[in-house]
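Single-structure report; data block below.
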Amino acid sequence: METVILAVIIAVVVLGAISGLVVSGRKKKQLPPSPPAAPKPSVTAPPAEPHVGEEAETPRDEERRTIEEVTLPTAEAPVAEAPAAEPEAPAAPAVEVPEPTAGRLVRLRARLSRSQNTLGKGLLTLLSREHLDEETWEEIEDTLLTADVGVAPTQELVERLRERVKVLGTRTPEGLRALLREELLTLIGTDADRSVHTANGIGNGGDEIPGVVMVVGVNGTGKTTTTGKLARVLVADGKSVVLGAADTFRAAAADQLQTWGERVGARTVRGPEGGDPASIAFDAVKEGIAESADVVLIDTAGRLHTKTGLMDELGKVKRVVEKHGPVGEVLLVLDATTGQNGLVQARVFAEVVDITGVVLTKLDGTAKGGIIVAVQRELGVPVKLIGLGEGADDLAPFEPEAFVDALID
Ligand code: GDP
């Protein structure tokens, strides 16, 4: 009996020792290397497989990462030098597949119709009145002015409508709708190139470099959100993107942008809070070149209290980026709800950088969609994208026809 008990004790001890070895052996394997020093600026790798169409890592990437200090990616990232995942590590967020851009305005049409109801349908109702007297024309004018169309464009439109209604004869609802549609489209313009220029440029060394897009605007307009949404638009269109968090003024901006990037597998180059935006922008393009990305999107800080400071900073960001090669697009983000104030902002920004396109945000929350006309007149550049909500895919290419149809149908 004693022998049996002894044999059992020995067996338990031996088994315990073996399993202990296995566990400690596993533990050893899982031990990560000592963490890297704080990055300055750092490049955060996306948390999971890059999306379709993104280039695989090149040896140059690895080399660069050992030179620069790189924040190690989270669990499942495909970076060679990443340590094996700790079982306790929080699961990396899955990379999302953004909604295709084509047809987004169709989905968002109801939101647009709702917010711009007074403009489109209001005008139609007024034009359908039995007697188009002076008072009615004044109401039409007021409707346009209230929607922020601007004084000169309003007068032009009213004049043309008066002329055309006169020769129209019978005013059928269909006839009036067609007339208003045509005139609103003339006012907004259908010929402008509204594509966001993201094509590769030729770098100063003669090689191809990623398309570079700078996003500028006053803080609070939705600039960082728009940069994140635009990354999704580009990824949806099959492009690989690197983000540059050059808004070092607003504390949470870099984290916010990085989260947007991680959701679609785009790297974010960032620096310390209050750091030099130009150097982050420079590094972002450098990173884009290193990983042969299609597009680099640079979020910038926008404070208007010192115009000279803003001028210096934005001008410097652009000049420093241009040491790599051309900036293909400078998008000005304007909050549609700010009305005339938005136009003042537009003027200031246009003085400091060459704006090539406008993004009008928060059109879902205001009836002042006429600002599209006013801002295009003011800057002489087209509205290229519109924001219609806080959802990740609520940024749509601006299509005048779809826009006007949503207004009056
Ligand atoms: P930034 O300081 O200019 O970078 O501003 P943020 O990107 O942080 O955006 C400010 C707020 O505006 C956030 O709450 C966004 O969700 C919101 N926002 C941005 N675009 C839109 C939009 O198109 N519609 C609505 N309703 N909210 C938006």
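Numbers here mean position along the shown chain, with the first residue as 1.
Glycine is treated like the rest: Cβ placed from N, Cα and C.
No curator has checked TrEMBL annotations; they are predicted automatically.
Annotated region 'Disordered' per TrEMBL: 25-98, in sequence order. TrEMBL lists 51-68 with the feature compositional bias 'Basic and acidic residues'. Marked as compositional bias 'Low complexity' by TrEMBL: 73-98. Here TrEMBL flags 217-224, 299-303, 361-364 as GTP binding site. As annotated by TrEMBL, domain 'SRP54-type proteins GTP-binding' applies to 382-395.
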Which binding-site residues of Gly220, Lys223, Thr300, Arg303 contact ligand 1 in the sense of C-beta under 6 Å?
Gly220, Lys223
If you count CB neighbours within 10 Å, which one among the binding-site residues Lys223, Arg303 has the smallest count?
Arg303
Among all the protein chains here, how many other CB atoms are within 10 A of the CB of Gly217 (GTP binding site)?
28
Let me know the DSSP-derived helix, strand or coil state of Thr300 (GTP binding site), please.
strand
Give the residue counts of the domain 'SRP54-type proteins GTP-binding' (382-395) per reduced DSSP state, in the order helix, strand, coil.
0 helix, 6 strand, 8 coil
Using Cβ atoms only, which residues of the same chain lie under 8 Å from Thr300 (GTP binding site) while being at least 6 residues apart in sequence?
Met214, Val215, Val216, Lys223, Ala246, Asp247, Pro277, Ala281, Glu313, Leu314, Val317
What is the total of other Cβ atoms whose distance to the Cβ of Leu363 (GTP binding site) is within 10 Å?
28
